[in-house]
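As given in TrEMBL:
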- Met49, Gly205: substrate binding site (BINDING)
- Arg124, Ser178: ATP binding site (BINDING)
Amino acid sequence: MDCESIQREIAATVRRTKEDCPFVPSITNSVTMELVANAQLAAGGSAAMVYLPDEGEGVAAAGESFYINLGTVMPFYAETLPRTVRALHEHRRRWVLDPVAIGIGSLRTELLRCFRAMPPAVVRGNASEIIALANLWGLDTGAAKGGVRGVDATDSVGAARPAAEALASFIDGAVAVSGEWDLVTDGTVTVRSEGGSPLFTKITGAGCSLGGVTAVYLAEASPFIAALTAVQAYNLAGTRAQREAKGPGSFRAAFLDALYRAKPGAIAENPFALI
């Protein structure tokens, strides 16, 4: 796989998504739910947010892919998430996992441990979350145990590369690591994507919504191309939004506008490199 073929696939994925408007339900962080939904809509998808076990099972069959984010874990998720993931597995629907705040709380840890048997097609997280999930699932990465400060990383993206590649190989899918630069891997091919904005760290939900948009593209592409397309779109839109923004509030609005306006070719041509 070379850069030119990757660019062609990215552009085609963006075009198909705009044409098809795939239905992509989510069980996601209550703090960032609105931004997740708006970003999914801006990227060309159709969003729905659910909470309860029968809701999760119902939309698992109806959706073209699915997004699960563990940023705010509710007690009833002990039933909702295992039932939803089983339904996704039974209906052969691919899904994206964001293991936000892994290691905080016994329910979150138990749910993440449960997902090992029915894994997602894509995992998206910061460096420390990716290292911690690989360790929780018992994968041999040679990396030290990741440290998570709330929802923030204490590890570099480069340090997470072995864990990301091991996770991607284990799930037979892709892993995206967000940070000072972004890494996407399928376990064999690994890409570094550039761009974005420091203002992403000044609004809540940038990473959560990236996971949601990844799930939208997953309805139209392979896990690796879906994850890379989302990262490329975010880095391009973030770069453009920063030029117009006066601060975090105006950046958020400008980012959604830039994501909505981004053309397939421009997303594909955002700087990236095989590493």
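Glycine is no exception: its Cβ is also placed from the backbone N, Cα and C atoms.
Positions of the features from TrEMBL, shown on the structure.
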residue : record                 : Cβ within 10 Å
Met49   : substrate binding site : 17
Arg124  : ATP binding site       : 32
Ser178  : ATP binding site       : 27
Gly205  : substrate binding site : 22
Legend entry - Pairwise CA distance, Arg124 (ATP binding site) versus Gly205 (substrate binding site), rounded so that it is a whole Å: 13
Legend entry - Integer Cα-Cα distance in angstrom, Gly205 (substrate binding site) to Ser178 (ATP binding site): 13
